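Feature list (source: Swiss-Prot):
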- 176: active site, proton acceptor (ACT_SITE)
- 10, 11, 12, 13, 14, 15, 34, 96, 119, 120, 121: NAD(+) binding site (BINDING)
- 83, 89, 121, 152: substrate binding site (BINDING)
């Protein structure tokens, strides 16, 4: 059976980490693409030399040529300008739309049947732009956001309660920004709801509120500490989890920025926004779950924020 081909567009910190994880998990041969001369080739050679140590046997190569995307099974896009201290994800809008246009055309001409995962910020708008320029169908393109945001929520809860993070089930919906919606009603620790933990005095409400707030600003916290870039280990791990669910037909239900159809979650138009999504060999399938009235109101605020950015993106394209 032919090995799968995974192409990573953008060979920076996230791209390089994605490549390493793909090799360790033995998902397939890896192509690292970047516009920087030599850089993807150097990283590919370095990664190739880990194979004897890791005990894996896959091909890794770097390139500056979009033709090398040909016949990719999965394309993960991280290309674009990363956040710097003081910048919001939205500040990247104008710059990264142009990047998505170039990348989208590269996908369209070389691997239109690939499963595409977008990680570039501002996420919900970039995945929309990437679909616009690539022509990839709704079920074959998705944005990585909710997996990462939910992982941050789970991490902070586990740390606060001093329990294994594996016992914490916590979910985040909505746009990948300050209006994201951590679902406190749905989240639990070993089956015990956060609401019950608050009632029992094991988790103070003010601490839960602080964790929700920290989750929303989790990316900015890392940007402020790094000073010269943004998170890359956890975003890469999230992207690989999504790719693996597709490649191995795991049918995992993960919070992702999928194309949600009008009528779901009160939407009056189709929109890329973070919701629980099944990822299988057939692609992505958004799922509607019951949420509280308060969470639905918060989700609407987040949806409106995504719509506003989509309008801003449309205005940029019209110029």
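Residue positions begin at 1 at the first shown residue.
In case you wondered, yes, glycine gets a Cβ from its N, Cα and C as well.
Sequence features annotated in Swiss-Prot and their locations in the structure.
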residue : record                       : DSSP (3 states)
10      : NAD(+) binding site          : coil
34      : NAD(+) binding site          : coil
83      : substrate binding site       : coil
119     : NAD(+) binding site          : coil
152     : substrate binding site       : helix
176     : active site, proton acceptor : coil
- Task: Pick the one among the recorded positions 83, 152, 176 whose Cβ has the fewest other Cβ atoms within 10 Å in this structure.
- Result: 83
- Item | Pairwise CA distance, residue 12 (NAD(+) binding site) versus residue 83 (substrate binding site), rounded so that it is a whole Å | 13
- Name, in the order they occur in the sequence, the residues of the same chain whose CB lies under 8 A from the CB of residue 14 (NAD(+) binding site) and which sit 6 or more residues away. 78, 119, 232, 235, 236, 239
- Message: To see if you understand the setup: which same-chain residues, six or more apart in sequence, place their Cβ under 8 Å from that of residue 10 (NAD(+) binding site)?
- Response: 33, 34, 77, 78, 79, 80, 120
- Query: Counting across all protein chains shown, how many other Cβ atoms sit within 10 Å of the Cβ of residue 119 (NAD(+) binding site)?
  - Reply: 29
- Hey, how far is residue 83 (substrate binding site) from residue 121 (NAD(+) binding site), Cα to Cα, in Å? 8
- Query: What's the CA to CA span in angstrom from residue 152 (substrate binding site) over to the residue listed as 'active site, proton acceptor'?
  - Reply: 13
